[in-house]
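Undergrad: OK, Swiss-Prot features for this one:
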REGION    1-54  region 'Disordered'
MOD_RES   S131  phosphoserine
MOD_RES   S134  phosphoserine
REGION    140-170  region 'Disordered'
REPEAT    320-370  repeat 'WD 1'
REPEAT    375-413  repeat 'WD 2'
REPEAT    422-465  repeat 'WD 3'
REPEAT    474-526  repeat 'WD 4'
REPEAT    531-570  repeat 'WD 5'
REPEAT    574-612  repeat 'WD 6'
REPEAT    618-658  repeat 'WD 7'
Amino acid sequence: MIPASAKAPHKQPHKQSISIGRGTRKRDEDSGTEVGEGTDEWAQSKATVRPPDQLELTDAELKEEFTRILTANNPHAPQNIVRYSFKEGTYKPIGFVNQLAVHYTQVGNLIPKDSDEGRRQHYRDELVAGSQESVKVISETGNLEEDEEPKELETEPGSQTDVPAAGAAEKVTEEELMTPKQPKERKLTNQFNFSERASQTYNNPVRDRECQTEPPPRTNFSATANQWEIYDAYVEELEKQEKTKEKEKAKTPVAKKSGKMAMRKLTSMESQTDDLIKLSQAAKIMERMVNQNTYDDIAQDFKYYDDAADEYRDQVGTLLPLWKFQNDKAKRLSVTALCWNPKYRDLFAVGYGSYDFMKQSRGMLLLYSLKNPSFPEYMFSSNSGVMCLDIHVDHPYLVAVGHYDGNVAIYNLKKPHSQPSFCSSAKSGKHSDPVWQVKWQKDDMDQNLNFFSVSSDGRIVSWTLVKRKLVHIDVIKLKVEGSTTEVPEGLQLHPVGCGTAFDFHKEIDYMFLVGTEEGKIYKCSKSYSSQFLDTYDAHNMSVDTVSWNPYHTKVFMSCSSDWTVKIWDHTIKTPMFIYDLNSAVGDVAWAPYSSTVFAAVTTDGKAHIFDLAINKYEAICNQPVAAKKNRLTHVQFNLIHPIIIVGDDRGHIISLKLSPNLRKMPKEKKGQEVQKGPAVEIAKLDKLLNLVREVKIKT
């Protein structure tokens, strides 16, 4: 703390006090006159002269103390420095500025003791000091010898024999004294503990070698595509073909055969197709890379995104739209079938056709991959609409297809051509009505491939691939029970039931279910073709889908155009659960990860997700996933990833990700391990069904 007078110079300027006595004395001395005595001079008063504009402060203000605070900021440091950022492409201000201010610098000549240079200088000083000490010792020994010489002369004659030995000893001592002692060189330790060593590996000498291959010849080609140039090219090609034909005729028959074989192997068409195949493979890889960059945000959502809002709502979930698949060639066709590949989890097959019998045209079979949503991996076209399909479990490259005209076919994805490898015909027993569903089954006893089909003609047919031919066997013929018509001749005709859907039991190999257009569901057996095991009065309209539960062996599900979805126990003829979705149901599918979760799609464009373990009465997700005028036709769960694919009647396929609430797993309890597996899923569904079974049995 310092006084205000010294602290605030701007408030009180320097005072100029002039002593009148001293001034008069000085002037009197100069003039040589005397004014008074010395005692009178000191007693005289002194007046202070102030400038007229000086600030006058009170005593309290003068005694006020001010505190000065020293800061490390440099007042002269610039505050507006900017630098160019190449990352953002703009000038960015620099927030941190060096505050160092140098007031005084002086170059010194002091060297630190611990530095290398300081150690070397100290070593040189020790050498100089040692040499000086040795010189002093030599001079002192010389003086001593001079003093001892008289004593040596006074020695007795009898001691003459010891003179040579003494002289030799004196010479040794003189040599030792003359050679200065070299102090031991101390190893200078590096304060950074750094050691530099050369590499012990052998460096190969650099050699210049010329390239032994000749560069391919280069030619510059330029032309314009005109009508006459194209015509000339065709004429030249025709002449070449005629010349080759003439040469073949001139050859002998043996040479002709060998020439034909060689030409067959090396024809221009085959070489061109090989080049096109290689080019198509490279183009497919490039297309996938471009699509992965284009749809990177969707791929990130597919892999990592989960709806965080599910933490705050227990019984409600959402569907996140991901990729959308469509093709220009299938614009006006409906999605009639969906099926995931059992081996390649990102690949799924789509069947295109039409459900309107007045607008029947061509059909298509496309296989899409999640890695390339812009274009299908495989594309096959047919003259009739594709109504159903199924992919073999053990041979994922074989696709069984059912057509609207009643034919069934097998497509081999390994073969490049677009025609089916095997196809039925009128001679081989094709259906007379549309084929609504096909299912691969286990191979027969001779290890022949086998699949089943159901059609509106009432026949359930087993197709076996024997010697590259499709051989059919009618397993069962559907008949409407209790309804017969009499003809004038007195004969009775039994109406044929129209099969629309079927599904085989997962464990009981011979048992399967069949849904019909009349709304009935028949439990059938492969061993009995004349009668049904059981009949269920399921729906009031056509049964669109029948599906066994993947975990529980007694439970199956059905849906219909009468707006309902029903869950059944095949030992009870009445449904366990009935759900009214207020619109025609196109398809239902069980979830592969839970026995209580299933999905349904309706013609009003909505997807419904149910979880019986959370809510037995209504869906936990009702979400529109298509445009208002689009009707949803099919839905399928992925076997591993938490996504579903949905198809509509405009040829669009939409992939949707399930939120965490739609795929809840059992919660972990303290001190207990989470139980997983089919047994847990069966017990979970049994717990729900037991409550309903008791009521059904009582009634």
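Numbers here mean position along the shown chain, with the first residue as 1.
Any Cβ shown, glycine's included, is placed from N, Cα and C.
The structure displayed is predicted, hence computed values, not measured ones.
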Undergrad: Taking a Cβ cut-off under 8 Å, which residues six or more beyond the ends of the repeat 'WD 6' (574-612) line up next to it in the same chain?
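TA: Cβ under 8 Å, 6 or more out: 317, 319, 538, 544-545, 547, 549-552, 555, 557-568, 618-628, 630-639, 642, 644, 646, 648, 656, 658, 662-664, 681-682, 684-685, 688-689, 692-693, 696.
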Undergrad: For the modified residues S131, S134, which one has its C-beta crowded by the most other C-beta atoms within 10 angstroms?
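TA: Answer returned by the neighbour count: S134.
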Undergrad: I'm a bit unsure how to read this: which one of 422-465, 531-570, 618-658 has the highest number of Cβ pairs shorter than 8 Å with the repeat 'WD 1' (320-370)?
TA: 618-658
Undergrad: Looking only at residues six or more beyond either end of the repeat 'WD 7' (618-658), which have a C-beta under 8 A from one in the stretch?
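TA: Contacts of the repeat 'WD 7' (618-658) (Cβ under 8 Å, skipping residues fewer than 6 from its ends): 301-302, 305, 315-327, 330-340, 342, 345, 348, 350, 352, 355, 368, 370, 579, 586-593, 599-611.
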Undergrad: How about long-range neighbours of the repeat 'WD 3' (422-465): same chain, 6 or more residues beyond its ends, C-beta under 8 Å?
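TA: Residues packing against the repeat 'WD 3' (422-465) from afar: 387-393, 395, 398, 400-410, 471-479, 496-504, 509, 512, 514, 517, 524, 526.
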Undergrad: Going by DSSP, is S134 (phosphoserine) part of a helix, a strand, or coil?
TA: helix
Undergrad: In terms of Cβ proximity under 8 Å, which residues at least six beyond the ends of the repeat 'WD 2' (375-413) contact it?
TA: 284, 287, 325, 327, 329, 333, 336-337, 339-344, 347, 349, 351-354, 360-369, 420-425, 430-440, 449, 451, 453, 455, 457, 463, 465, 470
Undergrad: Per DSSP, what is the residue tally for the repeat 'WD 1' (320-370) in helix, strand and coil?
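TA: Across the repeat 'WD 1' (320-370), DSSP assigns the residues as follows: 6 helix, 27 strand, 18 coil.
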Undergrad: Let me know the model's mean pLDDT on the repeat 'WD 3' (422-465).
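TA: Mean per-residue confidence for the repeat 'WD 3' (422-465): 88 out of 100.
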Undergrad: By DSSP assignment, list the helix, strand and coil residue numbers for the repeat 'WD 2' (375-413), in that order.
TA: 0 helix, 22 strand, 17 coil
